[in-house]
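Shown next, in structure tokens, is the structure this report addresses.
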Amino acid sequence: MSTKTYDAGVKDYALTYWTPDYVPLDSDLLACFKVTPQAKVSREEAAAAVAAESSTGTWTTVWSDLLTDLDYYKGRAYRIEDVPGDKESFYAFIAYPLDLFEEGSIVNVLTSLVGNVFGFKAVRALRLEDIRFPLHYVKTCGGPPNGIQVERDRMDKYGRPFLGATVKPKLGLSAKNYGRAVYEMLRGGLDFTKDDENVNSQPFMRWQNRFEFVSEAVRKAQEETGERKGHYLNVTAPTCEEMFKRAEFAKECGAPIIMHDFLTGGFTANTSLANWCRDNGMLLHIHRAMHAVIDRNPKHGIHFRVLAKCLRLSGGDHLHTGTVVGKLEGDRQSTLGFVDQLRESFIPEDRSRGLFFDQDWGGMPGVMAVASGGIHVWHIPALVTIFGDDSVLQFGGGTQGHPWGNAAGAAANRVATEACVKARNEGVEIEKHAREVLSDAARHSPELAVAMETWKEIKFEFDVVDKLDAA
């Protein structure tokens, strides 16, 4: 218990919350913020203000500080670093005692770390760049309901990335026509098809009808190909009660996998659904709709690597990560960094990939990285190189935009992927020799040849907005 005398009034945050001599404990939750302070606010004061407002502090001294051990519970700003190439901002490293957070509650962690502090007047902009979750905390979270190895065993598919596609047009199809598209793509060679993130239960296609027609399509494709297939049935709903109603119906239909929009649906709903999937033997695909609102501004918000870590703790078997090469934002090194955070057991600090801390996941299962957004056959050599086997390569327009139809588009993607995996396994640098690898495969696949001709000029060569900070 504190023995300090109560001294009313307002004092600088740095007097209490700036502790440069502090050595973080293994059990501390560590955070790195990019801070852009207001003019005339010192770095130390701004860092301390963030530590205070995200832990025990308020704008004035309060007498009830004497009723607790403030030195034990407070967040501590313990280090400040320059941001390469940015004279306005700096990195503030803050350590939080684990007792500040409810066990297994990502909701509680985020409420503290990215709550009111992000509207604090002492800073002009604030971004949460990374979190180190101590193993003590990781062990209190359920994590992915199944994990990579369990999914491979259930789907009986090994040695290559999974292949998927989002049904297009994403809105407006009737349930019967929607099911037809699913069947054609699965029959053509894909492993999964997917509801778009904004397909819920609209007037043109109510969820029950979609689930029924899609389940029939999956069963038919499985019978004809002899392969296990699946469709991500989106159970995201206006209420948790309705979400579970849809999940139960998907289970009754025999679906192997369901889907949730984890940011718009919320972490409470997501963790609850992950627990249900674990108990009911269901795979869980996670879409990240709304992420760019939160993570794309390089000075304010939350970096996606943090959202990815939070999702792994909350629970999900797949997570969309961008593609690097497609239509969506994504720096290559940064993407490789957070993909490792999804899949590996231990990831060391690596500033070249935007990783500010070591992260130990213990025995928590991994999450499949999903590459989706503006990709086609010409991207496959790069995608296989970047994401490896434990991933889902998901082609929407890159399947259904094929001149010969959905089945041909699926066949082209399957042939191209298997050709790239084979060449890679034989030691070929497939990204460097992409044209030769694909052209050789196309000699035996007219579907691939047509796809290559159709999309040979299609590139998305825009500069990345959210780049890694580098000198």
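Quick reminder: no glycine exception, Cβ is built from N, Cα and C everywhere.
Quick look at what Swiss-Prot lists:
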type	residues	note
BINDING	ASN116, THR166, LYS170, ARG288, HIS320, SER372	substrate binding site
ACT_SITE	LYS168	active site, proton acceptor
BINDING	LYS194, ASP196, GLU197	Mg(2+) binding site
MOD_RES	LYS194	N6-carboxylysine
ACT_SITE	HIS287	active site, proton acceptor
SITE	LYS327	site 'Transition state stabilizer'
Close recorded positions near HIS287 (active site, proton acceptor), where close means Cα within 10 Å, chosen from THR166, LYS168, LYS170: none
Proximal residue to LYS170 (substrate binding site) among binding-site residues LYS194, ASP196, GLU197 (C-alpha distance): ASP196
CB-centroid shell, 8 A cutoff, Mg(2+) site LYS194, ASP196, GLU197, site residues removed: THR166, VAL167, LYS170, ASP195, ASN198, VAL199, TYR232, ASN234, MET259, HIS287
Tertiary neighbours of LYS168 (active site, proton acceptor) (same chain, Cβ under 8 Å, six or more apart): ALA181, ASP196, GLY396, GLY397, GLN400, GLY401
Between THR166 (substrate binding site) and LYS194 (Mg(2+) binding site), the C-alpha gap once rounded to whole angstrom: 5
Pairwise CA distance, ARG288 (substrate binding site) versus LYS194 (Mg(2+) binding site), rounded so that it is a whole Å: 14
Packing count at LYS194 (Mg(2+) binding site) (other Cβ atoms within 10 Å of its Cβ): 29
Largest separation between Cα atoms (Å) of residues that the record links to substrate, namely ASN116, THR166, LYS170, ARG288, HIS320, SER372: 37
Euclidean distance between Cα atoms of HIS320 (substrate binding site) and GLU197 (Mg(2+) binding site), Å: 11
DSSP three-state assignment (helix, strand or coil) for HIS320 (substrate binding site): strand
Listed binding-site residues (ASP196, GLU197), ranked by Cβ neighbours within 10 Å, top entry: GLU197
Euclidean distance between Cα atoms of LYS194 (Mg(2+) binding site) and ASN116 (substrate binding site), Å: 36
Largest tally of Cβ atoms lying within 10 Å of a Cβ, found at which of the recorded positions LYS170, HIS287, ARG288, HIS320: HIS287
Among ASN116, THR166, SER372, which are binding-site residues, the residue with the most C-beta atoms within 10 angstroms of its C-beta: SER372
Assigned conformation of LYS194 (Mg(2+) binding site) - DSSP reduced to three states: strand
